[in-house]
Amino acid sequence: MKELIQRSRKSFTVVQSVEADVPDNVWIKCPSCRELIYHKQLAERMKVCRCGYHMRLKAREWLALLDEDSFVEHDAHLRPADPLGFVSPKETYADKLREAQRRTGLADVVVSGVGSIEGRRLAVAVCDFEFIGGSMGSVFGEKMARAAERAAALGIPLLTINTSGGARMQEGVIALMQLAKVNMALTRLAAARQPHIAVLVDPCYGGVTASYASVADIIIAEPGASIGFAGRRVIEQTIRQKLPADFQTAEFMLQHGMVDMVVPRSELHSTLAKLLRLYAAEGRATAHKSEPIVTALASL
């Protein structure tokens, strides 16, 4: 027996364990239902959990709504400056910009250009909340204004996908001026008889909501998106009243007439395609006094 034990001991080799090099974000936890989801499966659903929770998309991820290889980017060379030489106790504005650019790979919040949906061309401007909270500064406003003017010049609709925390305080009054600048560009788009379709995604606050996003011809919100001007806590502290639990949600805004429809992300492409077809038909039939597009929208 002793010899058997000695022989069996010699047959084993101790192997040190090797830690696997697993990339970050392979599994993503849903903030709502807490389910762990494999990142490729989540990407296939455009980051919508099976429970219906809509996770945030980066600006370039939104371009999946367009026809494949149809998007041509414009104004990518525009980069924000630091006109005020803004310095906070923690960091300078210049440092904050460099870090945001390094982390996101973007020059600023907005990615803009021209693409198509089911073959119909449109100008596109998409916001990325990861870049300094989607804040509206000089480059943000310039890109939005140019997108509207480009749509007017080409005679095509404008689609904006909007998420923002408000004006960028580091640029002061220059940031606030962008609200008026973008709205003026949109008046030229309206004069060209081209529609502006705005999609509001979580979160959408401040100057973006208070200006161009709220004057679009069609305003679409994603389910559960937080939409407003000032934040919930600021309002409660100001009016000293408790607000409803669903206050400032997309569904609350729809109920009170602030948005035209709430559309799940899985249905957004088809909804946009229908809207573009309706507007194209409306444009062709204007001389014949066609049925108003608002009536046609009731069927969506």
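Glycine is treated like the rest: Cβ placed from N, Cα and C.
The annotation Zn(2+) binding site is assigned in Swiss-Prot to CYS30, CYS33, CYS49, CYS51. Taken from Swiss-Prot, the feature domain 'CoA carboxyltransferase N-terminal' applies to 26-294. What Swiss-Prot records for 30-51 is zinc finger, and it gives sequence analysis as the kind of evidence.
Distribution of Swiss-Prot features across the structure.
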residue: CYS30; record: Zn(2+) binding site; Cβ within 10 Å: 18
residue: CYS33; record: Zn(2+) binding site; Cβ within 10 Å: 12
residue: CYS49; record: Zn(2+) binding site; Cβ within 10 Å: 19
residue: CYS51; record: Zn(2+) binding site; Cβ within 10 Å: 10
Secondary structure content of the zinc finger (30-51), with strand meaning DSSP E or B: 6 helix, 4 strand, 12 coil
Env. residues of Zn(2+) site, Cβ within 8 Å of mean position of CYS30, CYS33, CYS49, CYS51 Cβ: PRO31, SER32, ARG34, GLU35, ILE37, ARG50, GLY52, TYR53
